[in-house]
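As structure tokens, the structure follows; a few thoughts come after it.
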């Protein structure tokens, strides 16, 4: 490897999951109504192998996406809690769902952009000092996705 100037190591992982959501919009749109998608999430993580020889454990990614699968994803702005239920008030509607069927995200809306951001933040919580970059892409359909990239401080900075 005499001629090698640098090495970049990156892992890639992808998974589909089914979830429903609705959007807060100031204009009339079908997306204001509860609807679902078969999302596809793609994750790329750049870094160096840790003491176990991994940049990041794929099992953490699988468990994270399992929490979203077949759930209703809502913004924390729209909810209140009542005896094991989540009450969701939005767009002149009130939904009462068991807590186990809802994922409440700490974002102002439930767009693909904010879902990607939420996923990237959960990955960051489990990332070691060996991770340099986290990229998350969330596809709502075969034609459209949102992507976020987190560039992390180098070790010891």
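A Cβ is built for glycine as well, from the same backbone N, Cα and C atoms used for every other residue.
DSSP gives residue 31 (active site, proton acceptor) a helix state. For 31, the entry in Swiss-Prot reads active site, proton acceptor.
For residue 70 (active site, charge relay system), the same-chain residues that are 6 or more apart in sequence and have a Cβ closer than 8 Å to its Cβ are 17, 18, 19. The active site, charge relay system feature in Swiss-Prot is assigned to 70 (among others); the stated evidence is similarity to another entry.
Neighbour count (other Cβ atoms within 10 Å of the Cβ, all protein chains): 16 for residue 140 (active site, charge relay system). Summarising the annotation, Swiss-Prot assigns active site, charge relay system to 140 (among others) and lists similarity to another entry as the type of evidence.
Among the features that Swiss-Prot reports, Zn(2+) binding site is placed at 21, 35, 37. For residue 37 (Zn(2+) binding site), the count of additional Cβ atoms within 10 Å of its Cβ stands at 18 [all protein chains shown].
Rounded to a whole number, the distance between the Cα atoms of residue 140 (active site, charge relay system) and residue 35 (Zn(2+) binding site) is 12 Å. Close to the recorded Zn(2+) site, the chain also has 19, 20, 22, 31, 34, 36, 140: residues not among 21, 35, 37 whose Cβ is within 8 Å of the site's Cβ mean position.
Here residue 21 (Zn(2+) binding site) comes close to 34, 35, 36, 37, 72, 73, 74, 110: these same-chain residues lie at least six apart in sequence, with C-beta atoms under 8 angstroms from its C-beta. Its Cβ taken as reference, residue 31 (active site, proton acceptor) is surrounded by 14 other Cβ atoms within 10 Å in the chains shown.
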